[in-house]
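Everything below concerns the one structure shown next.
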Amino acid sequence: GRMWAYTVAFTALPHVGGFLGWFLNRKDSSAWYEKLKKPSWCPPRRAFPVAWTMLYTSMGYASYLVWNDLGGCSSKAIVPLGLYGAQLALNWAWPPLFFGARNLNLALTDILLLDGLAIGTACSWYRINRLAALLLLPYVGWLAMATCLTIRIWRDNPEQKPGKSD
C-alpha cells in the first residue's frame, strides 16, 4: 500500500510548483501577456494548462520510476534525482520571472539553463529506466517550443527588457 502513496506523491510533486506559479501570477499578468508581440505559432493560452498537466504528470511518474529503481534516496540517486530537482526548480522559477517580475532577460536565462538540465536528466535516466527517459521526451519537446517562444518574445519586445525606457 505504501508504494501507491509514493507513486501519487512523486506524480503530484511537479504540479505543486506549477500550481503555485499560476496562482501567484494569475492576477494582472494576462493583460500584460496579451500586449506582448508574439509569433503566429504561439499556442493559445488555454493550451498551456492542458499541456502542463500532462507534462507534469508524466515527469512526476517518471521520477517515481527512477527513485524506485534506484532503491529510494540512495547514493546512486543523487545525480539523477539531483538533476531532476534542479530542472524542476528552474521550471517552477520561470513563471514568476516571466509573468511576475516581467523580466524577459532572466526568464530567457532560466529556460536556457532549464533546457540543459532537462536534457541531462533524460540522459541520466535512460541508463536507469528507459520508460522514465521516454516519458520526459514530450516535456523536452515542449520546452524546445517554449524556449523558441521565449526567445521570440524577448527579441520582439525590447521595451520589456530591464533598463529600457517605456
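A Cβ is built for glycine as well, from the same backbone N, Cα and C atoms used for every other residue.
Pulled from TrEMBL:
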type     : residues : note
TRANSMEM : 6-25     : transmembrane segment
TRANSMEM : 46-65    : transmembrane segment
TRANSMEM : 77-94    : transmembrane segment
TRANSMEM : 106-128  : transmembrane segment
TRANSMEM : 134-154  : transmembrane segment
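Note: the stretches the transmembrane segment (134-154) and the transmembrane segment (77-94) are not in contact (fewer than 3 CB pairs below 8 A, sequence gap of 6 or more). Packing against the transmembrane segment (6-25) from elsewhere in the chain are residues 49, 52-53, 56-57, 59-61, 63-64, 67-68, 88-89, 91-92, 94-96, 99-100: each is 6 or more residues past its ends and has a CB under 8 Å from a CB in it. Here the transmembrane segment (77-94) has long-range neighbours at 13-14, 17-18, 20-21, 59, 63, 66-67, 70-71, 107, 110-111, 113-114, 117-118, 120-121, 124-125, 128, meaning same-chain residues at least 6 beyond its ends whose C-beta is under 8 angstroms from one of its own.
When Cβ-Cβ distances below 8 Å are used as the criterion, the transmembrane segment (46-65) is approached by residues 6-7, 10-15, 18, 22, 81, 84, 88, 125, 129, 131-133, 135-136, 138-139, 142 of the same chain, each at least six residues removed from its ends.
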